[in-house]
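Pulled from TrEMBL:
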- A:GLY81, A:ASN141, A:ARG166: ATP binding site (BINDING)
2 protein chains.
Amino acid sequence: MQQAKARSGADIAIAVMSGPFLQRGEPALISRWRRTKMALEGGVDLVVELPYAFAAQKAETFAAGAVSILDALHVDALCFGSESGDITQFTAILAHRRANQAQYEAHVRSLVRTGISYPKAQAQALQAIAKDTTLDVSQPNNILGLHYLQALQSQGSQAAPLTVRRLAAGYHDQTFATDTIASATSIRKQLANGDISAIGNVVPASTLHHLHEYYHTYGTFHDWERYFPLLKYKLLTMTAAQLASIYEAEEGLEHRVLDCIRGAVSFTDLMEQLKTKRYTWTRLQRLCVHILTHTTKEQLKDVQSSPYIRLLGMSRQGQSYLSMHKKKLKLPLVTHAKAYRHPLFELDHKASAVYYSILPEPLRSLMLKQDFVQHPLRYDETPKAYS
Amino acid sequence: MQQAKARSGADIAIAVMSGPFLQRGEPALISRWRRTKMALEGGVDLVVELPYAFAAQKAETFAAGAVSILDALHVDALCFGSESGDITQFTAILAHRRANQAQYEAHVRSLVRTGISYPKAQAQALQAIAKDTTLDVSQPNNILGLHYLQALQSQGSQAAPLTVRRLAAGYHDQTFATDTIASATSIRKQLANGDISAIGNVVPASTLHHLHEYYHTYGTFHDWERYFPLLKYKLLTMTAAQLASIYEAEEGLEHRVLDCIRGAVSFTDLMEQLKTKRYTWTRLQRLCVHILTHTTKEQLKDVQSSPYIRLLGMSRQGQSYLSMHKKKLKLPLVTHAKAYRHPLFELDHKASAVYYSILPEPLRSLMLKQDFVQHPLRYDETPKAYS
């Protein structure tokens, strides 16, 4: 966050944050409201939500959704973390691809036919046409970065792309890279063991505080294993035809899932049975999220850019920025969930309802209600208080 | 059981037992296999299952399903418990109704239009046309008995109806009627409090033993509150249109249910919010069962008699009876679930899968498997052993 602000020279920082379910097809550790507080206390001025229709999605759609929201908010720059850290590497490889678009696409198709996953095929095809560029396209954050740049271009955004190099920690690292730097995966792993204090050195103090508070109040973090009883129940009441209507249930995957579910004793067990070279782990996890939320192909047909901006929280500077730009925002700003209607927003509510389903009553009912009535959080930095 | 055997002079006794969900729209306390043992050890010679399509149903369909199975097994008599205990009262009132069928039906329709429930309307209309008969048609077991007699007639069965008077305990009694006689409701109530030993005087010793064993093995009995998290999750991922396709979701009930579910903190809370004069508690509970199992109107369209006999258990005498009658049974005898296919049998499997959904893994997976591979239980009375 500090690096992003320094490089861009920005007055304010905006974070587009996923709702209840994340890009890798996992539930967020804690509620959107707690994560909003973490972001505000970590220096973000405006926290807006990436709708479910873009959050639990392949990198291309995920990036397109985020960019559409930032562009609607008139940002001057978009900053992302990457393994590379050199923005010229990104622009160079995209130029190469544009110059060889047909060849690239044909190559991707032929690689997919050999049985490897789509993201892997994209990476190999890119590498083939851009041999003299130096971007390592096998790295997940580099790939996501390429999608951001591409979305900026295709949406005609004026925002300048910037990137900050990720230090030490690879996204998938299971253990902490150094005493003070850790990957999201390694942090989740520690928390799944119930060991909150173990991450004290690798997250800001306020983040640690909110994790403690959430765990204390709700008795749990949200991870896939907690949702497995619901997922199994859900699948055991579905026919193959119903399952085939679910988003990302392609190419007979529905039969594979139904064959595996009866005997699966945990989410990990199910995933290990489902996994093949053809499908990435995250792709299969996202399918499970869509099954859990009963999100159909029909509902996510042709989603390309967000139809709204859901505001979750703001600092005083963030609030001023919004006041100044209120009249020229390119999308409706949703500050009160109850007063806004849109089919994609309905999906956000459904995803929330599913997300809270693992909480005991009356907490579940209370959280369901909060999402409808909660106004955006207003954070004041100097007394460090919410109003 | 003793009374039924004595009055009929029967060589063997057959019990038609509900599967995972019962007529009053509740989950059975324990698994079908444990209940089969209770029945065999209580003196039943053949235990067969009433399919889901008939078990979780209004009295008329419930009775029709049971009678079709018993008739297919060539029983000589059908014995049921009733508040009356006098079979001539039943035959008399049915004769009256047949003589005034059109008048009766018109009266039921007009009573339903006043806003009372269908069963209540039937009882009042019966009472009106049969003033000089003595059967109390406001009593639930008398009503069910009438449906048995009616089903015997309409299916052309030769079986003689018999009835045993229920002593002391009314079906809905919340407390034990005497030291040794108790209603099902009062027994369930004690068990819901986790107090198994409290029912020691009112159930056979072997029943007590199996309840203890089940609770010890699975850590729970099956009651609605345990399923409430699944029901709420399920409803929160359904649209009104999807809900309207569920069996018994009539006359806008789907909107009523969806309006109530977000804030409901327990199953009882939901039911109390849903309850009106128009719908009986059991009717609403059955709707919830069909929601939980996702059973649609389409799936239960026109069910009138069972297409199969699922054998759960037998004594030696029961086995001899089956051997003797094997060739002339009027329906296929299902002894191995894996080897039989029928759309209604699929519903039985789905209901089972839902029923076991509250068990922790790997118990859930084991129970799901058992239902497919378990052969009928064979009980030998003299060594009191299963082979």
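Using N, Cα and C of the backbone, Cβ positions are placed for all residues, glycine too.
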Q: Kindly assign A:GLY81 (ATP binding site) to one of the three DSSP-derived states: helix, strand or coil.
A: strand
**Q.** Cβ neighbour count within 10 Å of A:ARG166 (ATP binding site)
**A.** 20
(Q) Pairwise over A:GLY81, A:ASN141, A:ARG166, annotated as binding ATP, what's the top Cα to Cα distance to the nearest Å? (A) 9
Q: Please list residues from the chain of A:GLY81 (ATP binding site) whose Cβ is under 8 angstroms from its Cβ, counting only those at least six apart in sequence.
A: A:ASN141, A:THR163, A:VAL164, A:ARG165, A:ARG166
